[in-house]
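Trainee: Below is one structure. I have some questions about it.
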């Protein structure tokens, strides 16, 4: 059921991300930030109302589960290039912080008050989030470059996901970045879908130890995101991406080949540091993309990530099946006792790995994919302005200014007589 839900949700995200990104380039970020957050959180109250409606809604919500592409485009609008890496790191750090707080808080409230209280609190926070966007988040796209009505010209062909894949082929930098995202995030998505079950059922972690593992790795991820700006200034965007990919490859190998508890903790440490990869790629995209195509290009990258969210869990499930690893409990595990030995409450598991050289085959296969991503990332050019093949226009990102200041600079250039084209133009004209 989880694989089916994530597969549908990931495919819908892949379909919708370029469309929402392109529309936000024309009509503004705030509206699309509002609807992506609203529909992403809308399945929460259904958890206690109807399980099947919850499954259906969380699958359909994949159409709008592209908040990151809108957020990163928003950050690019309001920051100068010198501050953008730090801003992207802060955005990713807050996401990592939420992944630390929410599981622990949810588990505590579930034990103390029951499921209904957890769902009610999560729903209340989601409503507060939507209200905060309505009243406190300003529009980042300058009003002077937005159309006066919602009937502004926009090519639906340009926002079509399959047409956007054709455009990706026209720009080698975007193509290599999308391939890098696909090859690196595919195993990461599969890892997220099973790592905690894997630690509990295969490596012998207790429930309490898994919770501690989540918290520690999440805190370390927050710290890694906060130093992203420093790393990109010292190493440069491309080398930062490659460092993140290298660490991801190491942690996948350690998860796949390790058989001791300390090895899992070491792999988790590497995983927390390698979490800089995706925000580093997004920052690289932002710094090399024209100002009026931030949403479109970020949407392409986010769409590729959404596709991985659907394919990754399925890939890991198939490999576990082929190697006869069945992550199912055949007996209920004993209650977790704080301070107990992590191996003392290990449930019976349907798996046979006595004759295998490594206990986690999907992780080793994922590491091989990340090696391929490293090879692709090595050939990414650092000086190109991306998106120039999507539409004939002069680059607007060379100065690294915020959207508002850049508009004033570009307006002077465009004051001379000549044909003016819409922000998003039909690629068939090329």
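Positions of Cβ are set from backbone N, Cα and C atoms, glycine also.
Here TrEMBL flags 1-384 as domain 'Major facilitator superfamily (MFS) profile'. Taken from TrEMBL, the feature transmembrane segment covers 6-24, 31-47, 53-75, 87-110, 116-137, 174-199, 205-228, 240-257, 263-285, 306-323, 363-381. Here TrEMBL flags 411-430 as region 'Disordered'.
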Trainee: Under an 8 Å Cβ to Cβ limit, what residues of the same chain, 6 or more beyond the ends of the transmembrane segment (174-199), are close to it?
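Mentor: Non-local partners: 2-3, 6, 10, 167-168, 205, 209-210, 213-214, 241, 245, 248, 252, 255, 264, 277-278, 281, 284-285, 297, 300-301, 304-305, 307-309, 311-317, 320, 327, 360, 362-363, 365-367, 369-370, 372-373, 376-377, 379-380, 386-387.
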Trainee: Counting Cβ pairs under 8 Å that sit 6 or more residues apart, are there three or more between the transmembrane segment (363-381) and the transmembrane segment (240-257)?
Mentor: yes
Trainee: Give me the mean pLDDT over the domain 'Major facilitator superfamily (MFS) profile' (1-384), rounded to a whole number.
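Mentor: Averaging the confidence scores along the domain 'Major facilitator superfamily (MFS) profile' (1-384) gives 79.
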Trainee: Is the transmembrane segment (6-24) packed against any residues at least 6 beyond its ends, judged by a Cβ distance under 8 Å, and which are they?
Mentor: 31-32, 36, 58-66, 69-70, 73, 141, 154, 156, 158-161, 164, 189, 193, 294-300, 302-314, 424
Trainee: By a Cβ-Cβ criterion of under 8 Å, what residues six or more beyond either terminus of the transmembrane segment (53-75) are in contact with it?
Mentor: 1, 4-5, 8-13, 15-17, 20-21, 24-25, 29, 32-33, 35-40, 42-43, 46-47, 84, 87-88, 91, 140, 282, 285-286, 294-295, 298-299, 301-303, 305-306
Trainee: Is the transmembrane segment (87-110) close to the transmembrane segment (263-285), in the sense of at least 3 CB pairs under 8 angstroms with a sequence gap of 6 or more?
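Mentor: Stretch pair touches.
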Trainee: In terms of Cβ proximity under 8 Å, which residues at least six beyond the ends of the transmembrane segment (87-110) contact it?
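Mentor: Non-local partners: 71-72, 75, 79, 117-118, 121-122, 211, 214-215, 218-219, 221-222, 225-229, 275-276, 278-280, 282-283, 286.
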